[in-house]
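S.K.: The following block contains the structure, expressed as structure tokens.
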Ligand SMILES: O=c1[nH]cnc2c1ncn2[C@H]1C[C@H](O)[C@@H](CO)O1
Ligand SMILES: [Zn+2]
């Protein structure tokens, strides 16, 4: 018998393995039933379906367009039902519960406060409602036998002009549940340098930020995010593959930007299913994460939008184990990469790695030792 370390983990093991999620949108992860409940309670009449199952399918299909712009249109419905304190609290609590149920032990969940002001909430009220929801979700998870810690990332929309204000908001809540900042939205035509003032402010404050870059647009976007804006991490960053040449004989040549990303250990928040839907990748088997993992880039695995992609962290890992034959060792590698790249303090990241993640994988890796198979009992008898 060979050890489980060297074989592809079962779906049950993937689900029980401790996972770390750095790129997940709060407004992209609602339960369909919750959308319907809140729409009814708040009088929102724009939903395309009123049955939970059908609504879930509608989101997945509508997001499956091959274009980031079309994909983003689906968020009009989720944001429409996230406009009151109670709704934000509920959605955040359920998000933490759902992630914990899926074996996520640490998550950074992002949303754009400026998109939740339509019914009179202030930016601060939005942040506080979400923070309280996350704390409630952590409590519920604990009551169900799970452990999870959730930090918020505040996103500014790249087509809008509120990035500095949102960066200041992130800074003022940095010791109260908010761990960093991000920009998101349509990439083509909205370079990250539009928001340079926000990034420069955060750098002066010694704060952390990630930038969606290299998803729908190529290397110039990644280059600006890193070299002009100073991003700590890249949201997606999948187009870094355009700066890597693989020759017929399998030898690999990295361009200057790809070398920089690898050498500086810039974390790539990769979201395979989302990339297939927006056209940033063509299949799981051809997804750049396979090569980037082999080349030891600091790649991480993420969900992006669980509702629009009909996915979870476990499902993302299932797709990757099928496509690339990943083992528990590979899963551990991605998970440690993610935890190293989180925006919480170093001592807490280290404790998560040493006291939660590594023991969790060690336990899974040892399971094969205790499996009772017909072969072992049979051969013992035969030997007597
Ligand atoms: O993958 C994405 N790329 C760019 N923007 C995105 C992506 N997923 C979600 N967003 C946008 C839509 C949401 O309303 C916003 C804040 O979470 O972020
Ligand atoms: Zn995203």
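Any Cβ shown, glycine's included, is placed from N, Cα and C.
A TrEMBL annotation is a machine prediction, not a hand-curated record.
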S.K.: Can you find which of 304, 330, 347 TrEMBL lists as binding Zn(2+) at the same site as 23, 25, 212?
M.R.: 304
S.K.: Using the Cβ centroid of 23, 25, 212, 304 as the reference point for the Zn(2+) site, which residues of the same chain not in that list have Cβ within 8 Å?
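M.R.: Sorted by sequence, the hits are 24, 28, 110, 182, 184, 235, 236, 269, 271, 274, 302, 305.
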S.K.: Please state whether DSSP places residue 215 (active site, proton donor) in a helix, a strand or coil.
M.R.: coil
S.K.: I'd like to know which of the binding-site residues 23, 25 has the most other Cβ atoms within 10 Å of its Cβ.
M.R.: 23
S.K.: Around ligand 1, within a Cβ distance of under 6 Å, which of the binding-site residues 23, 25, 185, 212, 304 show up?
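M.R.: Going through 23, 25, 185, 212, 304 in sequence order, those close to ligand 1 turn out to be 25, 185, 212, 304.
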S.K.: If you average pLDDT over the domain 'Adenosine deaminase' (18-358), what do you get?
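M.R.: Mean model confidence (pLDDT) across the domain 'Adenosine deaminase' (18-358) is 97.
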S.K.: Given a separation of at least six residues and a C-beta threshold under 8 Å, show me what packs close to residue 304 (Zn(2+) binding site) in the same chain.
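M.R.: Looking at Cβ-Cβ distances below 8 Å from residue 304 (Zn(2+) binding site), excluding near sequence neighbours, one finds 23, 24, 25, 28, 271, 273, 274.
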